[in-house]
Each structure stands twice: as structure tokens, then as C-alpha cells.
Amino acid sequence: MMSKINQTDIDRLIELVGGRGNIATVSHCITRLRFVLNQPANARPKEIEQLPMVKGCFTNAGQFQVVIGTNVGDYYQALIASTGQAQVDKEQVKKAARHNMKWHEQLISHFAVIFFPLLPALISGGLILGFRNVIGDLPMSNGQTLAQMYPSLQTIYDFLWLIGEAIFFYLPVGICWSAVKKMGGTPILGIVLGVTLVSPQLMNAYLLGQQLPEVWDFGMFSIAKVGYQAQVIPALLAGLALGVIETRLKRIVPDYLYLVVVPVCSLILAVFLAHALIGPFGRMIGDGVAFAVRHLMTGSFAPIGAALFGFLYAPLVITGVHQTTLAIDLQMIQSMGGTPVWPLIALSNIAQGSAVIGIIISSRKHNEREISVPAAISAWLGVTEPAMYGINLKYRFPMLCAMIGSGLAGLLCGLNGVMANGIGVGGLPGILSIQPSYWQVFALAMAIAIIIPIVLTSFIYQRKYRLGTLDIV
């Protein structure tokens, strides 16, 4: 494979990204070279896209990314050999890329880093609860559930709650661990802090308002013994506070006193602040977010809110703001037992892939299918960046067609109050996360998200081709 690589193309790529001196670091993923450039403005993307091995390029998260294809590893090795760059891992690249980010991009990046390690558990929990609802909560034709009809399934239904409860009920433990780790603190202290937020000594958060909690009486003031089960924002703020406290203490406490002073003082202060100030404040924020989303997505404004979110979600992905929707989903699951947001995200994934299908059907451009076919499949499975950056944004109108299809599908979901058990896989498999009573409506919404973008994209492509106005950004 290395012999098939034209060294002239490699040298030209180096020149077009600004030369060897402009490359801070370079790594690669499955299909893309990921450059961190000292001066991003010196790169010439339009000329780079003319290179024979390049299928597209874009800037995201402070990285200049060049789409090569599945043989990107060979090009990476040739590039490393030509530039003399040392091979780096993804974390080193991300750290270097932050220098090219604006403050709000860095904030979103930090937010994503905290929640990303939790995704395997959260996705598993969403799918497990979905399967549990199918066997235990969905009435069959005789009015009974499968668990009622078959005792063995009732056992499975009860057993699966052990996993579902562990993931969502004790979610603050994972959030505190990840937040403290991100801040450079000791992860095990984050776990301990998280456990203190969901300890059996505390009144269950779901009973708040139904009964009076006990208190810790400190004389001049008291603190209610209330837990933060399944709460996102209190756990996030508490974890960040512990990380800040510990890292600051490390700087001023001598090494020989570290184990005696830093962990103990950090934990006591963080746990006290978590229950006295941070937790109640975070609960207020979380309740406010839940109130706003509930009225926008489930009240009389639901059709409008769902349609707008479905239409605008793809642009949120481009800006990176979509990372914040994870916390909203988790907050809704805690307060409502499900989320109306995740179904709209899954539909947006489908619509982006469908717009690419419209291009595949209409276009006969040389080598385009090498990126369009994998991009469409990827989007239908929940990862939309290859579809958006590789095809839809290049032509521009497929992006709008996908947004229209997603908005109309969202409108249908809003009209019918579609809810998901939790976050899960996106795209077509996203139906597995939907509460079973909404499967038929969601299947129809999926059909809208597939058909509308394909038809609109194909029609506009062919019309522009006939008029000679088809252009690529």
C-alpha cells in the first residue's frame, strides 16, 4: 500500500497546510488526518481538496481534518516520515488543539470530555430499560404483558432493573469520578464524593416534597439529609469543586504531608459544600432546565419546540453545542422518567444520512461514492460528521433538505409526545431507545426523515444540474 502513495501528493499536502513549521501535531482516526496547526489561517482547504487522495477537509474542535479514506494510516506514516513529526496519541492532539479554540469552544470541549466516558454505561442503560419495558410494560393483544404471561420473563424483568438502577440511580458517582479526573484530581476521591450524594443515609430525592427530611444540626445552621439520586448538575458542580479544591491544595501542601492533608481536607470540604450549597443550587438549576424543556417539548408548545429542535440540531452539531444536550436528556430522565429530546436527535441523524442517499442516487461524480456511501451508513447508525462535512455542507442544499426532513419528523413526535427511555444509539437503531408505546409513531417519523431528504435532495440536485448552477463549496 505504501508503494501506491505518491510522494509528490504528500509534499503538496504539507505545503498546502502551511508547511512543516505550521504543523504542531498530526494524528489520524479511521478515515481522517487530524492536524493541529500553529496558524490555521495559512491552510488552503480548496486547493487541498483538489489533491487526488483527498475527499474533503474541514475544521472542527481546533483541528484541521483532511478526509482520506480507510487507507489513511498509510498516508499518515508517509506524512510522519516526510515531516519528522513524532507520533502522538489523541489526548495530546486534543490538548494541543485547545490553543486554537475560542473560550466557548473550550467550555464545550471540557463538558464533552466529562460526559464521554459515561456513554457506554448510559447507552447500555437506555437499551436495557427499553427491552425491560417491552417485556414488562407493553400490553399484548390479551391485555397482559409478556412478563405476566411468562413467569420466567418476570424474573428477567426484575433482574434488568438491577442494572438500570445502578446506571441511572447512581449516575452522580460516575459524573463526580469523571469531573474530578478531568480537573486533574484523584478519581477515587470523585467516586467517594459521588457515593456521598446517593448514600442510603440520605432521603431519596424522589421523596422530596412528600416528606420532611432529617437534618444535620451544626448549631448555627442545619443541612437537610437529602440525596441527589440521578441528578446531573449537582453532581457535575460538586465534582468540579472537588477537583479545584484538591489541585489547589496540592500546590501549597508539602509532599511529605500530602496523604495526610490533601485527600482528607479535600473530601470534607467538598462533601460539606456539596450538601450545603452546591447541591441545592444545582438542583434548582436542574429543575429550571427540566421545567423549560418540559414546557417546550411536552406542553402546548411541544409541536413547535420539537420541530425547531429537529430543524436546528444539525447546526448545533457543527458548532459543538450539541454536547450539552446530553445533560438535558439525563435531567429529563430524572424528572420525567423519559426524554423527548433523544428521539429528535436520532431522527436528525437519519435525515443527514438520507440527504447523502439523495446525492448518491443523483450524482455520478468520480470517486464521490468512496466517501458518500460510508458517510450515509455512518449517519444512519448515529454518527453524522462524515455525512455533514464530507457531502452535505459541500453542496449546501442537502444540509437544508436534511434539516427540513428532521424538522417535519420532529413535528410529528411533538404532536404525539414521543419519549425515549434514555439516551442510546442514534440513527435507525435509535428506535430501540424509544418507549414501546410510541414505536408506531416513531417509525412513521423515521420514514419522514428518510423520504423527505432523499426526495428533496434528488430533485434539487437534478434541477441545479440541468440549469448548470450546481456548485460545491
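Positions of Cβ are set from backbone N, Cα and C atoms, glycine also.
Swiss-Prot assigns Thr298 and Phe397 to opposite sides of the membrane. Within 10 Å of the C-beta of Cys29 (active site, phosphocysteine intermediate) there are 12 other C-beta atoms, taking all protein chains into account. Under 8 Å from some Cβ of the transmembrane segment (188-208) lie the Cβ atoms of residues 169-170, 172-181, 214, 224-231, 234-235, 238-239, 242-243, 246, 263, 266-267, 270-271, 274-275, 279, 283, all in the same chain and six or more residues away from its ends.
Here the transmembrane segment (259-279) touches the transmembrane segment (226-246). Their Cβ atoms form 3 or more pairs under 8 Å, with each pair 6 or more residues apart. Sequence-distant contacts of the transmembrane segment (371-391) (same chain, six or more residues past either end, CB-CB distance under 8 Å): 31, 55-56, 58, 60, 65, 67, 69, 314, 317-318, 346, 348-350, 352-357, 359-360, 363, 398-399, 425-430. Between the transmembrane segment (301-321) and the stretches 159-179, 399-419, 441-461, it is 399-419 that has the most C-beta pairs under 8 angstroms.
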